[in-house]
Amino acid sequence: MANDYVSTVLLLLSLLIFLSQRTDSASIVKSLPGFDGPLPFELETGYIGVGEEEEVQLFYYFIKSERNPQEDPLLLWLSGGPGCSSISGLLYENGPVNVKIEVYNGTLPSLVSTTYSWTKVSSIIYLDQPVGTGFSYSRTKLVNKPSDSGEAKRIHEFLHKWLGKHQEFSSNPFYVGGDSYCGMVIPALVQEISKGNYVCCKPPINLQGYILGNPSTENEVDINYRIPYAHGMALISDELYESMKRICKGKYENVDPRNTKCLKLVGEYQKCTKRINKALIITPECVDTSPDCYMYRYLLTTYWANDENVQRALHVNKGSIGEWVRCYFEIPYNHDIKSSVPYHMNNSIDGYASLIFSGDHDMEVPYLGTQAWIRSLNYSLIDDWRPWMIGDQIAGYTRTYANKMAFATIKGGGHTPEYKPEESYIMFQRWISGQPL
(Lines of atoms letter the chains of each structure in order from A and count residues from 1; the text may use other names and numbers.)
(Lines give C-alpha, C1' and ligand atoms only; values in the text may rest on other atoms or scores of the structure.)
Protein backbone atom coordinates (compact mmCIF):
# COMPACT_ATOMS: atom_id res chain seq x y z
CA MET A 1 0.00 0.00 0.00
CA ALA A 2 2.78 2.38 0.94
CA ASN A 3 4.57 1.57 -2.27
CA ASP A 4 1.41 2.25 -4.27
CA TYR A 5 1.02 5.61 -2.50
CA VAL A 6 4.63 6.60 -3.22
CA SER A 7 4.26 5.54 -6.85
CA THR A 8 1.09 7.60 -7.20
CA VAL A 9 2.74 10.69 -5.68
CA LEU A 10 5.76 10.32 -7.95
CA LEU A 11 3.48 9.95 -10.96
CA LEU A 12 1.56 13.09 -10.03
CA LEU A 13 4.78 15.03 -9.47
CA SER A 14 6.07 13.91 -12.86
CA LEU A 15 2.79 14.98 -14.44
CA LEU A 16 2.96 18.39 -12.76
CA ILE A 17 6.52 18.92 -13.96
CA PHE A 18 5.50 17.89 -17.47
CA LEU A 19 2.52 20.22 -17.48
CA SER A 20 4.58 23.10 -16.10
CA GLN A 21 6.90 22.81 -19.10
CA ARG A 22 4.23 21.85 -21.55
CA THR A 23 3.54 23.51 -24.80
CA ASP A 24 1.51 26.59 -25.55
CA SER A 25 2.29 28.55 -22.41
CA ALA A 26 1.99 32.33 -22.59
CA SER A 27 2.51 35.04 -20.01
CA ILE A 28 2.10 38.81 -19.93
CA VAL A 29 5.29 40.65 -18.92
CA LYS A 30 4.64 44.01 -17.29
CA SER A 31 8.21 44.83 -16.24
CA LEU A 32 11.74 43.69 -17.04
CA PRO A 33 14.85 43.71 -14.86
CA GLY A 34 17.07 46.55 -16.02
CA PHE A 35 14.19 48.69 -17.30
CA ASP A 36 13.12 51.58 -15.09
CA GLY A 37 9.40 51.33 -14.33
CA PRO A 38 6.59 49.42 -16.03
CA LEU A 39 7.01 48.62 -19.71
CA PRO A 40 5.39 51.27 -21.95
CA PHE A 41 4.20 48.57 -24.36
CA GLU A 42 2.37 45.24 -24.14
CA LEU A 43 4.76 42.27 -24.07
CA GLU A 44 3.85 38.59 -24.02
CA THR A 45 6.31 35.71 -23.96
CA GLY A 46 5.73 32.00 -24.23
CA TYR A 47 6.28 28.68 -25.92
CA ILE A 48 4.43 26.96 -28.73
CA GLY A 49 5.04 23.23 -29.15
CA VAL A 50 5.51 21.90 -32.68
CA GLY A 51 6.16 18.42 -34.06
CA GLU A 52 4.20 15.18 -33.74
CA GLU A 53 4.64 15.08 -29.97
CA GLU A 54 5.09 18.85 -29.67
CA GLU A 55 8.62 18.02 -28.62
CA VAL A 56 10.06 21.22 -30.08
CA GLN A 57 9.31 24.18 -27.83
CA LEU A 58 9.63 27.43 -29.78
CA PHE A 59 10.01 30.53 -27.62
CA TYR A 60 8.57 33.84 -28.74
CA TYR A 61 8.25 37.47 -27.69
CA PHE A 62 5.06 39.21 -28.81
CA ILE A 63 4.63 42.98 -28.70
CA LYS A 64 1.34 44.59 -29.61
CA SER A 65 1.23 47.57 -31.91
CA GLU A 66 1.40 50.82 -29.98
CA ARG A 67 -1.06 52.41 -32.43
CA ASN A 68 -4.05 50.19 -33.20
CA PRO A 69 -3.42 46.48 -32.53
CA GLN A 70 -6.95 45.57 -33.60
CA GLU A 71 -6.29 46.68 -37.19
CA ASP A 72 -2.53 47.17 -37.65
CA PRO A 73 -0.51 44.54 -39.50
CA LEU A 74 0.93 41.53 -37.66
CA LEU A 75 4.60 40.87 -38.46
CA LEU A 76 6.59 37.72 -37.72
CA TRP A 77 10.26 38.74 -37.41
CA LEU A 78 13.03 36.16 -37.71
CA SER A 79 16.76 36.59 -37.12
CA GLY A 80 19.50 35.03 -39.23
CA GLY A 81 22.40 32.75 -38.51
CA PRO A 82 20.94 30.18 -38.57
CA GLY A 83 21.04 30.19 -34.80
CA CYS A 84 20.70 33.88 -33.86
CA SER A 85 18.12 34.67 -31.19
CA SER A 86 15.20 36.90 -32.09
CA ILE A 87 16.30 39.07 -29.18
CA SER A 88 18.65 40.55 -31.80
CA GLY A 89 15.62 41.92 -33.60
CA LEU A 90 13.86 43.03 -30.44
CA LEU A 91 16.79 44.78 -28.76
CA TYR A 92 18.82 46.09 -31.71
CA GLU A 93 16.92 46.16 -34.95
CA ASN A 94 13.28 47.22 -34.66
CA GLY A 95 11.93 46.69 -31.13
CA PRO A 96 10.85 49.24 -28.50
CA VAL A 97 13.78 48.68 -26.07
CA ASN A 98 17.53 48.49 -26.38
CA VAL A 99 20.48 47.76 -24.13
CA LYS A 100 22.01 50.91 -22.67
CA ILE A 101 25.64 51.15 -23.79
CA GLU A 102 27.79 51.69 -20.71
CA VAL A 103 30.83 49.98 -19.25
CA TYR A 104 29.87 46.73 -17.54
CA ASN A 105 30.50 46.94 -13.78
CA GLY A 106 29.19 43.56 -12.68
CA THR A 107 25.59 44.68 -12.20
CA LEU A 108 22.70 43.95 -14.52
CA PRO A 109 22.89 45.97 -17.78
CA SER A 110 20.12 48.53 -18.22
CA LEU A 111 17.43 48.72 -20.89
CA VAL A 112 16.17 51.98 -22.41
CA SER A 113 13.29 52.88 -24.72
CA THR A 114 13.97 53.37 -28.41
CA THR A 115 12.59 55.99 -30.76
CA TYR A 116 12.11 54.12 -34.00
CA SER A 117 10.39 50.88 -33.05
CA TRP A 118 8.44 49.14 -35.79
CA THR A 119 5.86 48.33 -33.11
CA LYS A 120 4.62 51.90 -33.52
CA VAL A 121 2.75 50.71 -36.63
CA SER A 122 2.58 46.90 -36.33
CA SER A 123 2.35 44.08 -33.83
CA ILE A 124 5.45 41.87 -33.93
CA ILE A 125 6.16 38.25 -33.02
CA TYR A 126 9.89 37.69 -32.47
CA LEU A 127 10.56 33.96 -32.77
CA ASP A 128 13.61 31.99 -31.59
CA GLN A 129 14.26 29.45 -34.36
CA PRO A 130 15.51 26.89 -35.25
CA VAL A 131 15.34 24.74 -32.11
CA GLY A 132 18.45 25.33 -30.01
CA THR A 133 18.34 29.07 -30.74
CA GLY A 134 17.84 31.51 -27.88
CA PHE A 135 15.34 30.05 -25.40
CA SER A 136 13.85 27.47 -27.79
CA TYR A 137 14.59 23.85 -26.98
CA SER A 138 13.53 20.26 -27.60
CA ARG A 139 12.20 17.93 -24.89
CA THR A 140 13.57 14.91 -26.77
CA LYS A 141 16.50 14.21 -29.05
CA LEU A 142 15.57 15.25 -32.59
CA VAL A 143 15.37 12.48 -35.17
CA ASN A 144 16.16 14.89 -38.01
CA LYS A 145 18.33 17.96 -37.69
CA PRO A 146 16.76 21.31 -38.60
CA SER A 147 16.85 22.38 -42.24
CA ASP A 148 15.76 25.30 -44.40
CA SER A 149 12.69 23.52 -45.76
CA GLY A 150 11.98 21.90 -42.40
CA GLU A 151 12.00 25.27 -40.66
CA ALA A 152 9.50 26.64 -43.16
CA LYS A 153 7.14 23.83 -42.14
CA ARG A 154 7.81 24.20 -38.40
CA ILE A 155 7.27 27.96 -38.43
CA HIS A 156 4.07 27.47 -40.43
CA GLU A 157 2.85 25.07 -37.74
CA PHE A 158 3.89 27.56 -35.06
CA LEU A 159 1.87 30.32 -36.73
CA HIS A 160 -1.31 28.27 -36.96
CA LYS A 161 -1.08 27.31 -33.31
CA TRP A 162 -0.19 30.83 -32.21
CA LEU A 163 -3.05 32.37 -34.17
CA GLY A 164 -5.37 29.71 -32.80
CA LYS A 165 -4.62 31.04 -29.33
CA HIS A 166 -4.69 34.70 -30.45
CA GLN A 167 -7.75 34.66 -32.68
CA GLU A 168 -8.21 38.40 -32.30
CA PHE A 169 -5.27 38.79 -34.73
CA SER A 170 -6.43 36.24 -37.32
CA SER A 171 -7.93 38.89 -39.61
CA ASN A 172 -5.04 41.38 -39.36
CA PRO A 173 -2.87 41.71 -42.47
CA PHE A 174 0.03 39.32 -41.91
CA TYR A 175 3.64 39.75 -43.05
CA VAL A 176 6.89 37.86 -42.53
CA GLY A 177 10.18 39.71 -42.11
CA GLY A 178 13.82 39.09 -41.34
CA ASP A 179 17.35 39.59 -42.53
CA SER A 180 20.59 37.84 -43.42
CA TYR A 181 20.26 34.02 -43.52
CA CYS A 182 16.47 34.36 -43.26
CA GLY A 183 16.62 35.08 -46.97
CA MET A 184 16.88 31.31 -47.43
CA VAL A 185 13.96 30.40 -45.14
CA ILE A 186 11.39 33.21 -45.41
CA PRO A 187 10.59 32.86 -49.14
CA ALA A 188 10.03 29.13 -48.56
CA LEU A 189 7.89 29.93 -45.50
CA VAL A 190 5.75 32.35 -47.50
CA GLN A 191 5.20 29.64 -50.12
CA GLU A 192 4.38 27.11 -47.37
CA ILE A 193 1.77 29.45 -45.86
CA SER A 194 0.31 30.19 -49.28
CA LYS A 195 -0.06 26.50 -50.13
CA GLY A 196 -1.44 25.75 -46.69
CA ASN A 197 -4.13 28.38 -47.13
CA TYR A 198 -5.44 26.49 -50.18
CA VAL A 199 -4.73 22.88 -49.25
CA CYS A 200 -4.79 22.03 -45.58
CA CYS A 201 -5.00 24.65 -42.95
CA LYS A 202 -8.06 26.50 -41.74
CA PRO A 203 -8.61 29.25 -40.96
CA PRO A 204 -6.25 30.65 -43.61
CA ILE A 205 -3.49 33.02 -42.55
CA ASN A 206 -4.16 36.52 -43.92
CA LEU A 207 -0.78 36.64 -45.66
CA GLN A 208 -0.05 39.83 -47.59
CA GLY A 209 3.71 39.81 -48.18
CA TYR A 210 7.22 39.78 -46.78
CA ILE A 211 10.18 42.06 -46.12
CA LEU A 212 13.84 41.00 -46.25
CA GLY A 213 16.98 42.91 -45.37
CA ASN A 214 20.36 42.04 -46.94
CA PRO A 215 19.03 38.53 -47.54
CA SER A 216 21.14 35.50 -48.31
CA THR A 217 19.84 34.01 -51.53
CA GLU A 218 22.48 31.69 -52.95
CA ASN A 219 25.70 31.36 -50.98
CA GLU A 220 28.18 31.22 -53.84
CA VAL A 221 26.53 34.13 -55.66
CA ASP A 222 26.37 36.25 -52.50
CA ILE A 223 30.08 35.71 -51.87
CA ASN A 224 31.12 36.22 -55.50
CA TYR A 225 29.60 39.70 -55.48
CA ARG A 226 31.84 40.75 -52.61
CA ILE A 227 34.68 41.25 -55.09
CA PRO A 228 33.01 43.84 -57.37
CA TYR A 229 31.59 45.43 -54.22
CA ALA A 230 35.05 45.68 -52.64
CA HIS A 231 36.33 47.28 -55.84
CA GLY A 232 33.48 49.77 -55.94
CA MET A 233 34.18 50.75 -52.32
CA ALA A 234 37.92 51.23 -53.05
CA LEU A 235 38.99 48.27 -50.89
CA ILE A 236 40.95 46.66 -53.72
CA SER A 237 42.85 48.20 -56.63
CA ASP A 238 41.65 48.50 -60.21
CA GLU A 239 44.52 46.28 -61.29
CA LEU A 240 43.67 43.48 -58.86
CA TYR A 241 39.99 43.63 -59.76
CA GLU A 242 40.62 43.52 -63.50
CA SER A 243 43.02 40.60 -63.06
CA MET A 244 40.49 38.70 -60.95
CA LYS A 245 37.75 39.26 -63.51
CA ARG A 246 39.96 38.08 -66.35
CA ILE A 247 41.52 35.04 -64.69
CA CYS A 248 38.77 33.91 -62.30
CA LYS A 249 35.95 34.77 -64.74
CA GLY A 250 33.61 35.94 -62.00
CA LYS A 251 33.95 32.79 -59.88
CA TYR A 252 35.78 33.62 -56.65
CA GLU A 253 34.26 31.04 -54.31
CA ASN A 254 35.04 27.31 -54.58
CA VAL A 255 37.75 28.06 -57.12
CA ASP A 256 39.03 25.17 -59.22
CA PRO A 257 42.26 24.16 -57.42
CA ARG A 258 43.96 23.83 -60.81
CA ASN A 259 43.45 27.56 -61.42
CA THR A 260 46.45 28.57 -59.32
CA LYS A 261 46.56 32.09 -60.73
CA CYS A 262 43.01 32.73 -59.56
CA LEU A 263 43.74 31.25 -56.13
CA LYS A 264 46.70 33.60 -55.77
CA LEU A 265 44.58 36.61 -56.71
CA VAL A 266 41.85 35.58 -54.27
CA GLY A 267 44.56 35.43 -51.60
CA GLU A 268 45.58 39.00 -52.46
CA TYR A 269 41.96 40.10 -52.19
CA GLN A 270 41.64 38.44 -48.78
CA LYS A 271 44.76 40.24 -47.53
CA CYS A 272 43.14 43.55 -48.45
CA THR A 273 39.79 42.81 -46.78
CA LYS A 274 40.41 40.45 -43.86
CA ARG A 275 40.41 43.32 -41.34
CA ILE A 276 37.23 44.84 -42.73
CA ASN A 277 34.06 44.55 -40.64
CA LYS A 278 31.85 43.09 -43.34
CA ALA A 279 28.61 43.84 -41.49
CA LEU A 280 29.29 47.60 -41.77
CA ILE A 281 32.53 48.35 -43.57
CA ILE A 282 32.97 51.83 -42.10
CA THR A 283 33.13 50.53 -38.52
CA PRO A 284 36.27 49.04 -36.96
CA GLU A 285 36.88 45.31 -36.80
CA CYS A 286 37.10 44.77 -33.05
CA VAL A 287 36.35 42.39 -30.18
CA ASP A 288 33.11 42.67 -28.23
CA THR A 289 34.90 42.89 -24.87
CA SER A 290 36.05 46.45 -25.67
CA PRO A 291 33.56 49.17 -24.61
CA ASP A 292 34.62 51.18 -27.68
CA CYS A 293 33.59 48.36 -30.01
CA TYR A 294 30.16 48.48 -31.65
CA MET A 295 29.64 44.81 -30.75
CA TYR A 296 30.05 45.54 -27.04
CA ARG A 297 26.25 45.80 -26.87
CA TYR A 298 26.08 42.10 -27.75
CA LEU A 299 28.22 41.25 -24.73
CA LEU A 300 25.95 43.33 -22.49
CA THR A 301 22.95 41.48 -23.88
CA THR A 302 24.58 38.15 -23.04
CA TYR A 303 24.99 39.25 -19.42
CA TRP A 304 21.39 40.48 -19.33
CA ALA A 305 19.76 37.42 -20.93
CA ASN A 306 21.66 34.96 -18.70
CA ASP A 307 20.51 36.65 -15.50
CA GLU A 308 18.17 34.43 -13.45
CA ASN A 309 15.79 37.30 -12.67
CA VAL A 310 15.55 38.21 -16.35
CA GLN A 311 14.74 34.64 -17.33
CA ARG A 312 12.18 34.44 -14.55
CA ALA A 313 10.57 37.68 -15.75
CA LEU A 314 10.47 36.33 -19.31
CA HIS A 315 8.90 33.08 -18.03
CA VAL A 316 11.66 30.92 -19.46
CA ASN A 317 11.28 27.28 -18.42
CA LYS A 318 13.91 26.76 -15.74
CA GLY A 319 16.62 24.31 -16.76
CA SER A 320 15.41 24.08 -20.36
CA ILE A 321 18.67 25.45 -21.79
CA GLY A 322 22.25 25.90 -20.63
CA GLU A 323 23.94 29.22 -21.22
CA TRP A 324 21.99 31.64 -23.41
CA VAL A 325 23.98 32.57 -26.53
CA ARG A 326 22.97 35.37 -28.89
CA CYS A 327 24.13 33.49 -31.99
CA TYR A 328 24.76 29.76 -31.66
CA PHE A 329 26.37 28.72 -34.93
CA GLU A 330 27.06 25.13 -33.82
CA ILE A 331 23.45 24.00 -34.29
CA PRO A 332 23.42 20.88 -36.52
CA TYR A 333 21.67 22.20 -39.62
CA ASN A 334 20.94 21.03 -43.15
CA HIS A 335 21.22 23.84 -45.70
CA ASP A 336 18.91 22.11 -48.15
CA ILE A 337 17.70 25.16 -50.06
CA LYS A 338 20.54 26.08 -52.41
CA SER A 339 18.79 29.09 -53.94
CA SER A 340 15.71 30.96 -52.74
CA VAL A 341 15.18 32.72 -56.09
CA PRO A 342 12.53 30.21 -57.33
CA TYR A 343 10.54 30.83 -54.15
CA HIS A 344 10.62 34.59 -54.77
CA MET A 345 9.32 33.94 -58.28
CA ASN A 346 6.48 31.73 -57.03
CA ASN A 347 5.51 34.18 -54.30
CA SER A 348 5.36 37.05 -56.78
CA ILE A 349 3.23 34.98 -59.15
CA ASP A 350 0.88 34.28 -56.23
CA GLY A 351 0.48 38.03 -55.74
CA TYR A 352 2.36 38.66 -52.50
CA ALA A 353 4.06 42.00 -51.99
CA SER A 354 7.75 42.08 -51.11
CA LEU A 355 10.28 44.69 -50.07
CA ILE A 356 13.92 43.71 -50.42
CA PHE A 357 16.28 46.23 -48.83
CA SER A 358 20.04 46.50 -48.56
CA GLY A 359 22.29 48.56 -46.35
CA ASP A 360 24.75 49.83 -48.93
CA HIS A 361 27.74 49.43 -46.58
CA ASP A 362 27.12 45.72 -45.97
CA MET A 363 29.74 43.42 -47.46
CA GLU A 364 28.31 40.18 -46.01
CA VAL A 365 25.52 40.19 -48.59
CA PRO A 366 26.33 43.11 -50.91
CA TYR A 367 23.52 44.98 -52.60
CA LEU A 368 25.10 44.18 -55.99
CA GLY A 369 24.28 40.49 -55.59
CA THR A 370 20.76 41.29 -54.40
CA GLN A 371 20.16 43.48 -57.44
CA ALA A 372 21.51 40.73 -59.69
CA TRP A 373 19.06 38.03 -58.55
CA ILE A 374 16.16 40.49 -58.67
CA ARG A 375 17.11 41.31 -62.28
CA SER A 376 17.16 37.59 -63.05
CA LEU A 377 13.41 37.49 -62.34
CA ASN A 378 12.92 39.67 -65.46
CA TYR A 379 10.15 41.77 -63.96
CA SER A 380 9.24 44.96 -65.74
CA LEU A 381 9.89 48.22 -63.95
CA ILE A 382 7.03 50.47 -62.93
CA ASP A 383 9.15 53.04 -61.05
CA ASP A 384 12.82 53.22 -62.01
CA TRP A 385 15.85 54.03 -59.86
CA ARG A 386 15.35 57.16 -57.79
CA PRO A 387 16.32 58.53 -54.38
CA TRP A 388 13.92 58.09 -51.51
CA MET A 389 13.85 60.93 -49.05
CA ILE A 390 13.43 61.73 -45.37
CA GLY A 391 12.69 65.42 -45.29
CA ASP A 392 15.12 67.01 -47.74
CA GLN A 393 17.79 64.33 -47.27
CA ILE A 394 18.45 61.25 -49.40
CA ALA A 395 17.94 58.15 -47.24
CA GLY A 396 18.69 55.67 -50.02
CA TYR A 397 17.60 54.64 -53.48
CA THR A 398 14.69 52.55 -54.68
CA ARG A 399 12.98 51.02 -57.66
CA THR A 400 9.67 49.22 -57.95
CA TYR A 401 8.93 46.22 -60.12
CA ALA A 402 5.78 44.65 -61.40
CA ASN A 403 4.36 41.82 -59.27
CA LYS A 404 4.48 44.03 -56.17
CA MET A 405 8.25 43.75 -55.58
CA ALA A 406 10.26 46.76 -54.43
CA PHE A 407 13.98 47.16 -53.82
CA ALA A 408 15.56 49.84 -51.65
CA THR A 409 18.98 50.73 -50.37
CA ILE A 410 19.63 52.40 -47.04
CA LYS A 411 22.43 54.93 -47.44
CA GLY A 412 25.18 54.22 -44.94
CA GLY A 413 23.35 51.13 -43.67
CA GLY A 414 24.87 47.78 -42.77
CA HIS A 415 23.88 44.13 -42.63
CA THR A 416 20.81 44.63 -40.40
CA PRO A 417 18.40 47.53 -39.65
CA GLU A 418 20.15 48.35 -36.36
CA TYR A 419 22.78 50.54 -38.04
CA LYS A 420 20.23 53.03 -39.42
CA PRO A 421 17.16 52.82 -37.17
CA GLU A 422 15.38 55.99 -38.33
CA GLU A 423 15.74 55.25 -42.02
CA SER A 424 14.77 51.60 -41.51
CA TYR A 425 11.65 52.53 -39.55
CA ILE A 426 10.45 55.15 -42.04
CA MET A 427 11.07 52.78 -44.95
CA PHE A 428 9.07 50.04 -43.20
CA GLN A 429 6.29 52.40 -42.14
CA ARG A 430 5.78 53.65 -45.69
CA TRP A 431 5.88 50.21 -47.26
CA ILE A 432 3.60 48.49 -44.74
CA SER A 433 1.11 51.35 -45.18
CA GLY A 434 1.07 50.91 -48.95
CA GLN A 435 2.82 54.22 -49.61
CA PRO A 436 5.64 54.67 -52.13
CA LEU A 437 9.05 55.11 -50.55
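Don't overthink the numbers, they just go from 1 along the chain as shown.
Backbone N, Cα and C atoms are what each Cβ position is placed from, and that goes for glycine too.
The active site annotation in Swiss-Prot covers Ser180 (among others). In the three-state DSSP scheme, Ser180 (active site) is classed as coil. Take the CB of Ser180 (active site) and look out to 10 A: across all protein chains shown you find 24 other CB atoms.
The feature active site is assigned by Swiss-Prot to Asp362 (among others), with similarity to another entry given as support. Its own atom aside, the Cβ of Asp362 (active site) has 26 Cβ atoms within 10 angstroms in the protein chains shown. DSSP classifies Asp362 (active site) as coil under the three-state reduction.
Classification of His415 (active site) by DSSP places it in coil, neither helical nor stranded. Residues or ranges marked as active site in Swiss-Prot (evidence: similarity to another entry): His415 (among others).
Proximity of Cys327 (disulfide bond) to non-local residues of its own chain (separation of 6 or more, Cβ distance below 8 Å) is seen for Gly81, Gly83, Cys84, Ser85, Ser88, given in sequence order. Taken residue by residue with DSSP, Cys327 (disulfide bond) is part of a strand. Under the heading disulfide bond, Swiss-Prot lists Cys84-Cys327 (among others).
Taken from Swiss-Prot, the feature disulfide bond applies to Cys248-Cys262 (among others). Sequence-distant contacts of Cys262 (disulfide bond), defined by Cβ-Cβ distance under 8 angstroms and a gap of at least six in the same chain, are Met244, Ile247, Cys248, Lys251, Tyr252, Val255, Asp256.
Here the Cβ of Cys286 (disulfide bond) has 13 other Cβ atoms within 10 Å, regardless of which shown protein chain they belong to. According to its DSSP assignment, Cys286 (disulfide bond) is coil. Per Swiss-Prot, disulfide bond is recorded for Cys286-Cys293 (among others), and the stated evidence type is similarity to another entry.
Less than 8 angstroms from the CB of Asn105 (N-linked glycosylation site) sits no same-chain residue that is six or more residues away. What Swiss-Prot lists as N-linked glycosylation site is Asn105 (among others), and the listing cites sequence analysis.
According to Swiss-Prot, the N-linked glycosylation site annotation covers Asn346 (among others), on the basis of sequence analysis. Its Cβ placed at the centre, Asn346 (N-linked glycosylation site) has 16 other Cβ atoms within 10 Å. Under DSSP, Asn346 (N-linked glycosylation site) is assigned to a helix (H, G or I) in the three-state scheme.
Positions annotated as N-linked glycosylation site by Swiss-Prot: Asn378 (among others). Using a 10 Å Cβ-Cβ cutoff, Asn378 (N-linked glycosylation site) registers 9 neighbours.
Taken from Swiss-Prot, the feature signal peptide covers 1-25, and the record attributes it to sequence analysis.
Distances between the Cα of Asn346 (N-linked glycosylation site) and those of the active-site residues Ser180, Asp362, His415 are shortest for Ser180. When the recorded positions Cys84, Cys248, Cys293, His415 are scored by other C-beta atoms within 10 Å, Cys84 scores highest.
Under the DSSP three-state reduction, Cys84 (disulfide bond) is assigned to strand. Ranking the recorded positions Cys286, Asp362, His415 by the distance of their Cα atoms from the Cα of Ser180 (active site) places His415 first.
The two recorded residues, His415 (active site) and Cys293 (disulfide bond), have Cα atoms 16 Å apart.
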